[in-house]
Amino acid sequence: MSRTETGTHAPGSLAPTGKRPQGTLYRGREGMWSWVLHRITGIAIFFFLLVHILDTALVRVAPEAYNAVMSTYKNPIMGLGETALVGAIAFHAYNGIRIILIDFWTKGPKYQKVMFYVVIGLWVVTMAGFVPRHLINVFSEMGH
Amino acid sequence: MATTIEAPRSPYSRAPRSRGINWEKWGWMYMRASGLVLVVLIFGHLIVNLVLGDGIKAIDFAFVGGKWSNPFWQVWDCLMLWLAMIHGANGMRTLVNDYASHRTTRGILKGALLFSVIVLITLGTLVIFTFDPCPAGAPADLLASFCSAS
Ligand code: HEM
Ligand code: HEM
């Protein structure tokens, strides 16, 4: 759709069309909050990965050493932590695809807000499938 | 030296950078390309390790022994290791550029990032490819079942 069709502004004009300035993807609301969440989840996953490579490396030390650390991953508090980690990954992954679509798909910027709610929707569906399954595994391990 | 201030909105006049590789552009491309591959690798990793079978309950030395005796999972994990570490560290570099205002602080933080990436990628790769699922002398009940069949 060409901008001149709307008749209010010359093409390329940055004049605000409503009460807030328009056309700034990262300023306020969905565009900004998705960015904040993308940052926080990215940092969290990075630090998890550092620790994760170190604990996996224990397989080269001794089977007993690896099993001792893995058994701590099976207690309920860590179980909740793993749930949060999967939540972070799912958001970062879906929103990452949204960012890629904004950058490469011509209509991406126009639909960025819609795509944010699609990301939230997919995230809810993913977690609804994952959380019960994982928590049953974690809590049925208790007392073993 | 006299400084000329150009009129606002005058067209960009400095000659575009023409020599050398545009590293920032390729870094930007890398974040997107690796992200797409990582979706598959990480979701696959999480489904196999957390969702299928008994999920996290099943993970122990014998479980890893079963997976890493198969080259398919060795290559899978190795790719995931390299792509995720470089993606994550390059993302953290953006954060350092955004939040560390002092030049020296930025240098130290980026140095630390580079160092940890090199150490962890080397360690992780060695672990995957030097792994022995049936180490001599280890109690058989901790090992994968194929270890005792000799
Ligand atoms: C699951 C697949 C993933 C996808 C689709 C994805 C996608 C992306 C994209 C598109 C960006 C934006 C880059 C830019 O703005 O130039 C990004 C940034 C980032 N990613 Fe990922 N990523 C994934 C996994 C990961 C993992 C595993 C880590 C950690 C090891 C991570 C850490 C980061 C960090 C720290 C940033 C920088 C955030 C910022 O600049 O605000 N990502 N990711
Ligand atoms: C709570 C969730 C997770 C569990 C229980 C888990 C479990 C494991 C296990 C058992 C291994 C050993 C080999 C294998 O099974 O393939 C492994 C290796 C690995 N995982 Fe995960 N993982 C989790 C999340 C993640 C995430 C989110 C990432 C990516 C950001 C990741 C990246 C890796 C990598 C790169 C390796 C290879 C490490 C090496 O080279 O030494 N894992 N993980």
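Note that Cβ sites are derived from N, Cα and C of the backbone, with glycine treated the same way.
Note: TrEMBL annotation is automatic and uncurated.
Per TrEMBL, region 'Disordered' is recorded for A:1-23.
Per TrEMBL, the feature transmembrane segment maps to A:36-54 (among others). With a threshold of 8 Å between CB atoms, the same-chain residues lying at least 6 positions outside the transmembrane segment (A:36-54) that come near it are 85, 88-89, 91-92, 95-96, 99.
Residues or ranges marked as transmembrane segment in TrEMBL: A:83-102 (among others).
Long-range contacts of the transmembrane segment (A:114-136) within the same chain: residues 30-31, 34, 79, 82-83, 86-87, 90-91, 94-95, 98, 101-102, 108, each at least 6 residues beyond the stretch ends and with a Cβ under 8 Å from a Cβ of the stretch. According to TrEMBL, the feature transmembrane segment maps to A:114-136 (among others).
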